[in-house]
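So that we are looking at the same thing, I have put the structure below in structure tokens.
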Amino acid sequence: MINFSNTLVILNNDVPCELLKKKYSELLIPTISILDFKKKKIYKKYNNIFLYSYQNYSFLLDLNDNILLKIQKYLNKNGILDINLYLNDKNNNNNSGTNKKDHSKIEDISQILKKLRKECLYNGYINISTEQTTSENGIVINIKAENPDFNKSDDDNNLVSSDEEIYEKCEDKKKVVNRVCDNCTCGKKEKAMNLEKIKINDNEVEYSTENVVSSCGNCYLGDAFRCGSCPYKGLPAFQPGENVKLNLNVC
């Protein structure tokens, strides 16, 4: 049994569809014409969208004004599109009694089903099913297709639940800059400036960088890459653990 609680009905502007429109209106189910649906913007998504048309189905194959693609935008994930086409049985008359005409009729209907199935497939629908039944005045074609939920994991995982997830990838770790504050009170700046100064003579001073800590990774590269508050400002580029000698006579 179909749940009509979140359903939109799209109908063509013809007499049989007008009768359907009245029935759906009595059930308080929203309806809209195919022409209005193409022109207007819908501000809601639906679990089910029904489309009815009598005789005409060419608009479903129009690539310049793709109604199947627009319908998909207003379907919820895993929502169902239900297309119902009523086609006149031109071969079902008093003069038609040959097997050849009946066979031609079946081929025409199968080609229509094949084309519409392809269009649904090309527009990204999945679980497409087709069915044809014979009515009093012709043939009824029914096509059901589902709007896929391929992006479910992306939509659900946009929010970060813990700090560890921020640093999950190595690339992200490289982008994180954790600088020392100028007015540091937590001891991080003091730890970062833990350079062992060894005076060789009056002209030279040597710094041991064995215990050097660089939060941003730029401290080792030289003044051109260091921030204004870098504790190693003035020292040449060095490798961690390397002893750095400064000539005090050079201005």
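Cβ atoms are placed via backbone N, Cα and C, with glycine included.
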Quick test of your reading of Swiss-Prot: among 155-167, 194-206, where does it put region 'Linker'?
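So the range that Swiss-Prot calls region 'Linker' is 155-167.
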Please identify, among the binding-site residues Cys181, Cys184, Cys186, the one with the smallest Cα-Cα distance to Cys216 ([4Fe-4S] cluster binding site).
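So, spelling it out, the nearest of the binding-site residues is Cys181.
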Taking only the residues in the motif 'Cx2C motif 2' (227-230), give me the average pLDDT of this model.
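Over the motif 'Cx2C motif 2' (227-230), the predicted model scores a mean pLDDT of 75.
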Rank the binding-site residues Cys181, Cys184, Cys219, Cys227 by the number of other Cβ atoms within 10 Å of each Cβ, and give the residue at the low end.
Cys181
Compute the C-alpha separation of Cys184 ([2Fe-2S] cluster binding site) from Cys230 ([4Fe-4S] cluster binding site), stating it in Å without decimals.
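Just about 12 Å between their Cα atoms.
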CA-CA, which of the binding-site residues Cys219, Cys227, Cys230 lies nearest Cys186 ([2Fe-2S] cluster binding site)?
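Closest recorded candidate to Cys186 ([2Fe-2S] cluster binding site) by Cα: Cys230.
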Work out the three-state DSSP category of Cys219 ([4Fe-4S] cluster binding site).
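It is helical.
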